[in-house]
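Q: TrEMBL feature annotations, pasted as is:
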- 97-516: domain 'Major facilitator superfamily (MFS) profile' (DOMAIN)
- 21-42: transmembrane segment (TRANSMEM)
- 154-171: transmembrane segment (TRANSMEM)
- 178-198: transmembrane segment (TRANSMEM)
- 204-225: transmembrane segment (TRANSMEM)
- 237-258: transmembrane segment (TRANSMEM)
- 264-282: transmembrane segment (TRANSMEM)
- 347-368: transmembrane segment (TRANSMEM)
- 374-395: transmembrane segment (TRANSMEM)
- 402-421: transmembrane segment (TRANSMEM)
- 427-450: transmembrane segment (TRANSMEM)
- 462-482: transmembrane segment (TRANSMEM)
- 488-511: transmembrane segment (TRANSMEM)
Amino acid sequence: MPSFDEVLKEAGEFGRFQKRVFFLLCQTGVTFSFLFASVVFLGRVPENYWCRIPGAADLSEKCGWTLEEERNFTVLPLLLVNGTSGGRCERLDVTWDAAAGCASPLIHRFDGGVGSPPLATCQDSWVYQQPHASIVSEYNLVCGHAWMLDLSQAVLNLGFLVGAFTLGYAADRYGRILIYLLSCLGVGICGIIVAFAPNFTLFLIFRFLQGVFGKGTWMTCYVIVTEIVGSDQRIVGIVIQIFFTLGIMILPGIAYLIPTWQGIQLAISLPNFLFLLYYWVVPESPRWLLTRKKGEKALKIMHDIAKHNGKYLSPHYSEITVSNMEVTNPSFLDLVRTPRMRRNTLILMYAWFTSALIYQGLVMRLGIVGGNLYLDFFISGAVELPAALLILITIDRIGRRLPFAISNIVAGIACLITAFLPEDIPWLKTTVATLGRLGITIAFEIVYLVNSELYPTTLRNFGVSLCSSLCDLGGIIAPFLLFRLAAIWLELPLIIFSVLAAVCGILVLLLPETKGISLPETVEDVEQLSGLFIE
């Protein structure tokens, strides 16, 4: 009986059919990056806002004040009382009533020569010059509530984490394309509800669900692409990362053109409905069908692939209608039951965690320093393009393992050097830190490819989803690690990053080299692979 890879080679390993499917699924990388980074624009902190004094709204309407005039009457007296206050998180503890005049509403309340009136903490009476520009002004996520903006991103990452477990398992059990389409539908519906959420609680609930379904679209499309191409073409998984970067570069343009957060949210969510059209053009993974003993359907798809690629399958390939692979429902124990599966799983989980932690930590450390938010964000995305190009140049020439290790070690060394460079040469610190970001970006992109190549077909989607869930955990921890350690010593986070990256660079050398080999179909296939120091 011919193997799947033999049939795929005759049908075409990366012909017209695979290129079409690949291009269509790559668009998922763009929309997922929108969801991943959208908080930067959805959660912009407004520049001009203040706490409204009780009764100010009625008096403002009576006197015909503009917002700027109301602000002057509210904030300027507060500055006289407390020069350090900008009127954002506290107000004068007074109430404007009918006795207040339009010219000097506080004249009968405040005599600068006799003491000072008390101050009160602002609760929910903020006034914004642009009330619908971001979720911060929409749900009053300022002052004592500012931490809730961080919560919104943590909830999204928690959704990614849950989606990795639940939808990764579902894709291995019920099919790649079914879960992909359901996830696209879920992202679109939840995105619309998020845009019109009447309160912050509902916003959080459906942002969490959008994260669950978003992770389903991203991981499943990646696995589909990997499974329908030949072993020499699996670097297409790296190209998907380029589309993620393109999404990062497109997002500031969308935010620049759309002035409200609801509009931005709809613009990044509605495109997911277009992916439902893939039902008619993207088939189920024939590899997965074989693992579920659906050989006839797999053979039909292989004939369609051959036809679109201008090829012809030999008649004896009808024997592929039966698969001899054992059908099981995946579980975590399957990933750690045998020695090399266990080794691979633990190393990959650490690599995912480290890559996400260092990547997001370096991004937050460099930050967007003044200037134009939209332009700076675009440039920060463009910095990542060389990473994918370097991978494409090297990965098929020298393999996966060595670039994986070197990129981590370079990131670690760059972080260590940056920590001890003097402050009076900021351009050099920024340059070396950027080199570290480039290194960890390369590692981040390689781990996607290596992860999918080190698991058998029966466990691939579940294995990739489970290991990548550590990425979401790293993303949740990164800001807390960065800011808490920086409070002790500004460069201490870089020391931690350098240690984590160096350890990862050594550990990945224990993984098997997957350059040019067929995707493993069973756990036994994985056990036959060997690492650098383990034979």
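Cβ atoms are placed via backbone N, Cα and C, with glycine included.
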Q: If you average pLDDT over the domain 'Major facilitator superfamily (MFS) profile' (97-516), what do you get?
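A: So the average pLDDT across the domain 'Major facilitator superfamily (MFS) profile' (97-516) works out to 82.
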Q: Are there residues at least 6 beyond the ends of the transmembrane segment (264-282) whose Cβ is under 8 Å from a Cβ of it, and what are they?
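A: Sequence-distant neighbours of the transmembrane segment (264-282): 20-21, 24-25, 27-28, 31, 34-35, 38, 41-42, 177, 180-181, 184-185, 187-188, 190-192, 194-195, 210, 217, 224, 251, 254-255, 258.
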Q: Compare 21-42, 154-171, 402-421 by their Cβ pairs under 8 Å to the transmembrane segment (462-482) and return the stretch that comes out on top.
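A: Stretch with the highest Cβ contact count: 154-171.
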Q: Under 8 angstroms for C-beta pairs, at least 3 of them, ignoring pairs fewer than 6 apart in sequence. Is the transmembrane segment (488-511) in contact with the transmembrane segment (402-421) by that rule?
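A: Judged by the Cβ rule, the two regions touch, with the required three close pairs present.
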Q: Taking the transmembrane segment (204-225) as the reference, which of 154-171, 237-258, 374-395, 427-450 gives the largest number of Cβ pairs under 8 angstroms?
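A: By Cβ pairs under 8 Å, 154-171 leads among 154-171, 237-258, 374-395, 427-450.
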Q: Which residues of the same chain, at least 6 past either end of the transmembrane segment (154-171), have a Cβ under 8 Å from a Cβ in it?
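A: Same-chain residues near the transmembrane segment (154-171) but 6 or more away: 35, 39, 178-180, 183, 204, 207-216, 219-220, 223, 330, 461-462, 464-466, 468-469, 471-473, 475-476.
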Q: Under a criterion of three or more Cβ pairs within a distance under 8 Å and sequence separation of at least 6, are the transmembrane segment (21-42) and the transmembrane segment (237-258) in contact?
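A: Between the transmembrane segment (237-258) and the transmembrane segment (21-42), which are separate recorded stretches, there is contact, as judged by 3 or more close Cβ pairs.
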Q: Who are the chain neighbours of the transmembrane segment (374-395) in space, where the CB to CB distance is under 8 Å and they lie at least 6 residues beyond its ends?
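A: Distant contacts of the transmembrane segment (374-395): 40, 235, 238-239, 241-242, 245-246, 248-249, 251-253, 255-256, 363, 366, 368, 403, 434, 437-438, 441-442, 445-446, 449, 515.
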Q: Between 178-198, 402-421, 427-450, who has the most Cβ pairs under 8 Å to the transmembrane segment (237-258)?
A: 427-450
